[in-house]
């Protein structure tokens, strides 16, 4: 036992010596692999198929950086690309901005379709005098009649009710029908209908049907989740509060259904042909995706300037692409500022670096860009925003180019799993930044629209050929917009 006690200090000493040796080796390894520190990391949002735009950047301002060692040591440029392409062809999606299948099956053709019916157990007289429901058209239809639920079949129609159909964000009804005891319309399957002027509601149309009682008594209506919806095989769908969507600003009353409308499917034969050719189209699309994946991997290996982020690469996922890139920068790089731009934008990187020095931007809580103020929220189209309640967005910088300090990137990266994404990355940034109140540096030289101005820092929406032309002009005469005749 005495010998064992004598040996213990020796064993501890050897172990401590080995620990010091291993720690010093680990520390040396950390120093070797410690990331290079940059003044600016540039993140270029790029769609998977935009090979030509990326190559133009590589042969213009990015090549200029790489040919000047002093600049290449200060600036790191990465293209941000989603790891996954959408596996649904554009023709078979609900809209071109997302990756959701247009799920139409067995459409009802060449006849009028009644949109809603209600079981007797689900229909109740409510205290509400105004009831509305929102819907989205997924394939073109023609509305033929508007209707209200039957109140008392024995006594005939004894109510005064107006039904109106609105296009979203429009205060004037597209068409309406007034029901009264003297003019009740035609009764079909428990609903009183009146014809309306017929015209085509296109794919993507966002509409609201509003029923209004002009009597002291409320409307006979049903909860949207208890009413039977006849969507013609997937031709339209309701957009309800349950899906997390907010009511449109002008909509009055409560959500519910107090009647219906009839409709026909427009150009049904074309729809049938589209559905019949879908399997072959999807097969060809998946084969094209495999080729695209291979080309992107080859491109990444060749140029070493792509960051693949784990999202499906669609317009609606651009905010998620950006948050994923912020996480990447924080984990694998060291920098003072981050510049975000798009692959169709001209960037005068020399001017940017010069202005960073001249402005003496604070290295904490700084956001330098060209800010849009009181920008109205769209409820339809490419920039449709259904989940932001306010009528206008907080101040946000135009997406063609802006710079944020490292600590803001750190905050975004740390909170990226909790931050809600909205319809665009620029407005999402404005909403996210409203929580921390950064110091905003307004500068109109980060152009918001496609135009060329001497001294500009960025300008958006160029074709590859146009980007090459303005860069060549800048190289020849120092002005990207024009070279003066000498």
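Glycine too: its Cβ is placed from the backbone N, Cα and C atoms.
The feature transmembrane segment, as given by Swiss-Prot for the ranges 11-31, 32-52, sits at 11-31. The Cβ of residue 160 (N-linked glycosylation site) lies under 8 Å from the Cβ of 178, 179, 180, 181, 213, 214, 215, each on the same chain and at least six residues away in sequence. Taking a C-beta cut-off of under 8 angstroms and a sequence separation of 6 or more, residue 103 (N-linked glycosylation site) has the following same-chain neighbours: 234.
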